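According to Swiss-Prot, the protein has these features:
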type     : residues : note
MOD_RES  : Met1     : N-formylmethionine
TOPO_DOM : 25-38    : topological domain 'Cytoplasmic'
TRANSMEM : 3-24     : transmembrane segment
Amino acid sequence: METLKITVYIVVTFFVLLFVFGFLSGDPARNPKRKDLE
């Protein structure tokens, strides 16, 4: 049961990190005017 809990925590953390990195990397793509001005 402890192993299952650890696995769930790892999976949740992985998805949260994936979402955060995807949001940060997708931010400039959503705001192209910032890139064009520079």
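Glycine residues also receive a Cβ, built from the backbone N, Cα and C atoms like all the rest.
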Next item on the list: Give residue numbers and ranges for long-range contacts of the transmembrane segment (3-24): same chain, 6 or more residues beyond its ends, CB-CB under 8 A.
Entry: none
Notebook entry, point to check: Across the topological domain 'Cytoplasmic' (25-38), what does the pLDDT come to on average, as a whole number?
Noted result: 60
